[in-house]
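**Q** Features from Swiss-Prot:
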ACT_SITE  Glu186  active site
BINDING   His185, His189, Glu239  Zn(2+) binding site
DISULFID  Cys254-Cys320  disulfide bond
TOPO_DOM  17-154  topological domain 'Mitochondrial matrix'
TOPO_DOM  174-336  topological domain 'Mitochondrial intermembrane'
TRANSMEM  155-173  transmembrane segment
Amino acid sequence: MFGSKIFSRLFFKRTYATYKRFDNTTSSSSFTTSYAHLLTNRKTLYIGGGLLGFYVYNLHDAPYTHRSRFIWVPYWLETKIGDYSYRQIYQQFQSQILPHSNPLYNRVSTIMNKLLDVALNDNINDDLNARFLNHLKSLKWEINIIQNDSLPPNAFILPNGKIFIFSSIMPICKNEDGLATVLSHELSHQLAQHSSEQLSKQPIYMVLSTILYTITGVSWFNDLLINGVLTMSASREMESEADHIGCELLARACFNPQESINFWHRMSQAEKKAAGIVSQEGGYLNTWEFFSTHPATSRRIADIQKWMPQLLQIRESSGCYEYGRFYNFNKSYFSH
């Protein structure tokens, strides 16, 4: 939900390179001729063919949704970046992290253990390839609850399995099903390798930015165009995908998917109050989605309502109404 923002701040303070503009006195005809020559050059064609082959070879289907996406970043690099992010964040909030003896830690770990058991279960999850599943199982999962109600409500999971939850989000979660909504969403970002997908696209965005700059000579316009048309759109798509996967996970783990709708209603009210944007009628205004990294909350609610019949069916077929479904659940992915 919010993890991608922190991830981006740490590694991509500026997504696109800034280029010095050289002599721009070339006529339009010479400009066109130069590009035509470049495009028909045999070496250029070889390089372009190789890059196209590399792109096609690294197209993979996302779990659950089966969306085709480009990912070339290896697991070890994704984990190393997660380690770097973890050290930065832990150093910043170390004094505010609750001890494992705190009741809230036990509450969060119980929910996460159920979600991880469903997500990493070989007999249940056939959407993840065996190699990636083993990679996820090898991670040292860890929960860090940051006690500071003055901070914005937030939660995220890094690619190395480190989980961060801000105490300010707990009143919005309200109950276990609401908390499961947040945690399953964040876990879904890692199951779908959204961090790797974002990293994989950065070179493409930089190349496009360079090409646009040679045409327009205006870097801010190029940034605006690429952000609005590509970057923001891709981010919203990944957020919606995490919503979808997360809802399926929590339904399989026997949480109530209908509470997800209530959670997003509460989140919507919290966001609007924090923004302080009030309409003339006394209500709150919606932000323009086009330049947002996240879908509008109303859209997220509508999506979950659309998925609800399927989610309830998944929950029923998971044996959630059988006595003792999690009664003997003792497996823990977290070391104390």
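First residue shown is number 1, and so on along the chain.
A Cβ is built for glycine as well, from the same backbone N, Cα and C atoms used for every other residue.
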**Q** So what's the average pLDDT for the topological domain 'Mitochondrial matrix' (17-154)?
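**A** Average per-residue pLDDT within the topological domain 'Mitochondrial matrix' (17-154): 82.
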**Q** Cys320 (disulfide bond) to His185 (Zn(2+) binding site): how many Å between their Cα atoms?
**A** 20
**Q** How would DSSP class Glu186 (active site) in three states?
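**A** The three-state answer is helix.
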**Q** Could you tell me the C-alpha distance between the residue listed as 'active site' and Glu239 (Zn(2+) binding site) in angstrom, no decimals?
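**A** Distance between the two Cα atoms comes out at 9 Å.
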**Q** So how many other Cβ atoms are close to Cys320 (disulfide bond), meaning within 10 Å of its Cβ?
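**A** A count of 16.
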**Q** I need the CA-to-CA distance for His189 (Zn(2+) binding site) versus Cys254 (disulfide bond), whole Å please.
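**A** Cα of His189 (Zn(2+) binding site) to Cα of Cys254 (disulfide bond) measures 20 Å after rounding.
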**Q** Determine the Cβ neighbour count for His189 (Zn(2+) binding site): the number of other Cβ atoms within 10 Å of its Cβ.
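**A** For His189 (Zn(2+) binding site), the count of other Cβ atoms within 10 Å is 25.
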**Q** Between the Cα atoms of Glu239 (Zn(2+) binding site) and Cys254 (disulfide bond), what distance do you get, rounded to the nearest Å?
**A** 22
